[in-house]
Amino acid sequence: TARLTLCAVSSFVGLQLLAWCENIGVRVMGIAAASLSSNLGDMSFFQLATRYPTMITQSMGGYAAGSGAAGLIGSFVYTLLTGASVGASPSLVLSGVGIVPAVMLLVYFLVLPKPSTNSVSKGGDSLIGDLGLADKLRLVGPLIWGYMAPLAALMFLENITTQGILPTILYHLPLPSPLSTLFTIPRDFYPFFFTTYQLAIFLGRSSITLFRLPGHNRGSCAAYWALVAVESLCLLALLTHSISMALPSADDGVARKIAAVAGCVFIMGLCGGLGMSNTYWRFLISTIALPDVAAIFVASLLSLWVQPALCQLQVGAGRGGC
C-alpha cells in the first residue's frame, strides 16, 4: 500500500513539475519523480502478480499486457492530443495525465483480492529470506548468461534507438499527401515512431498468454539471443538511415523510408516485448530486472552523446533538421 501510494504521488508531482516549471533543474526533478513512479510501480505489480499461484498465467498475462498497454495508450494519447487536429499544449496534456495513477490505487484497493484471501504459500519467501547474499548470488548466477544478459542487451539497444537515434530521423516539410496530414511539424515524427514502438511492445508482452519462447535452461536460450541479433540489425539500419539523411537525396521516396523506419521500430518493440515477458515468466523474481535497469541507464547516458553527434552531422551537411 505504501509503495503504490508513493507511486501515485510521485507521478502526479513529477508530471506537474515537468508541465509547468520553466527551470531546467526542476524539470529534471520532475522527470526523475515520474521515472521513480513508473519503475517502482512496475516492479511492485510484477511482484504482486506472482502472489496468485492458482492463476499465475492470468496474473502474469495481465501484468505483461497492462505494462505494454500503458506505453501504447500513453504515447497515443499524447500524440493525438498534441497533434494538429486537437492542438492541446504538451504542458496541459502532461498535467492532465498526472491523475491517471489514481486509477492504479482504485484497482489495488477495490478490485484485486485482499492478501488474506490469496492461497499463497510463504515457504518460498521463508527459504529465500534465510539465505545469505553469497548464496543468493550463486542462485542467480546460472540465470545471468541465458536470460539476464539478453534482456539487458535488448533494453540497451532499444533505449539507444528511442533516445539517441529516433529523435534525429526528421524529414523536410511539407510532405506529399496523405503524409502531410499526419506530419505537419518536425516534432510529429518522433511521437509517431514511438507510438509504433509502444504498439509492438504491447503485442510482444501480451503474447505471453498465447505462446512462449523455447528455453528452459542455459543450454536452450538461443531464442533470446536471436531477439538480440534481430534488434542489432534494426539498430544498424536506423543508424545508417539517420547518417544518410545528411545526403542531398535523403528525402527521395520519403513515404517508403518512413514506412521502413516504422517497420524497424515495430520489430524492435516486438522483440523487446517478447524478451521481457518471457524472461519474467520463466523466473517470477524481481532480481531478473536488475541488468535491465542498468542497461537502460547506460543507454541513456550514451544517448546524451549519440543524439547530438548525429544532429551535428546532419547540420554540418546543411540538413539542419535536428
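Cβ atoms are placed via backbone N, Cα and C, with glycine included.
As recorded in TrEMBL, the features of this protein are as follows:
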- 1-21: signal peptide (SIGNAL)
- 61-81: transmembrane segment (TRANSMEM)
- 93-112: transmembrane segment (TRANSMEM)
- 144-169: transmembrane segment (TRANSMEM)
- 189-211: transmembrane segment (TRANSMEM)
- 223-246: transmembrane segment (TRANSMEM)
- 258-276: transmembrane segment (TRANSMEM)
- 283-306: transmembrane segment (TRANSMEM)
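189-211 is the stretch from 93-112, 144-169, 189-211, 223-246 with the greatest number of Cβ pairs below 8 Å to the transmembrane segment (258-276). Beyond the transmembrane segment (93-112), the same-chain residues lying 6 or more positions past its ends with a Cβ under 8 Å from any Cβ of the stretch are 1, 4-5, 7-8, 11-12, 14-16, 18-20, 37, 41, 48, 74, 77-78, 81-82.
A contact between the transmembrane segment (189-211) and the transmembrane segment (144-169) is present, since 3 or more of their C-beta pairs, 6 or more residues apart, lie under 8 Å. Within its own chain, the transmembrane segment (223-246) is flanked in space by residues 146-147, 150-151, 153-154, 157-158, 160-161, 165-166, 168-171, 213-215, 257, 260-261, 264-265, 267-268, 271-272, 274-275, 278-279, 310, 313-314, 316-317, 319, 321, which lie at least six positions past its ends and keep a Cβ under 8 Å from the stretch.
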